[in-house]
């Protein structure tokens, strides 16, 4: 039941990737700042193949329209795999929307949007991505809000052969982020600040020097038989009954957009939507 457990300070796991002058360190807290000069972003020092990553975030307070705070995993290159949380700011008093997306071999267009059952600007909440051979699961405070299952048996590609980095950033996206771009960023409210703590990566690290096949061997529980990762346990391949109920509740009460039901964009339903049970 091993995993690479890293629950650590920011600088043990991550490094700034751009706009270092827009980082503010206050004890255990890290703040990323967006103003009309720049946003900011950071990246993990390692890449990983399977596991769970979690960050606690307190999102931009007040009028955050036009801003996006993102937390995601991604591999490199045009055929990348990517799992996204994007928090879409809004005018004061309107709910934040959380958009999730899954890219496989460079192809995305799998957006789901939902509001949350709490105000994410008032306190820290944990946002997690769990990735194993069977599924990609997005969790908010350990409640699953989305599951993307491995359906290779239906001929649908699944992201399992590229190591991924962990990233977060804040930037101005007022061309699309709030009400489809109708509400623009009000720079008189700048700087917009997202606050982070509780950086946890419990995953199989993949050294840059390692080939894909060696990484796959290292990060698979079948690799030599001596290694058993907790995320490959049989109980992790499906949702528990409680998690299934939670996911159904979230979808029924908080989902506001699902690409699977967008017949304007997809006159022919995307093939994985035909097979998803939720």
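Sequential numbering from 1, following the chain as shown.
Yeah, the Cβs are placed from backbone N, Cα and C, and that goes for glycine too.
As given in TrEMBL:
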DOMAIN    8-196  domain 'GH16'
ACT_SITE  82  active site, nucleophile
ACT_SITE  86  active site, proton donor
CARBOHYD  90  N-linked glycosylation site
So among the recorded positions 82, 86, 90, who's got the most Cβ atoms within 10 Å?
90
Round to the nearest Å and give the CA-to-CA distance linking the residue listed as 'active site, nucleophile' with residue 90 (N-linked glycosylation site).
25
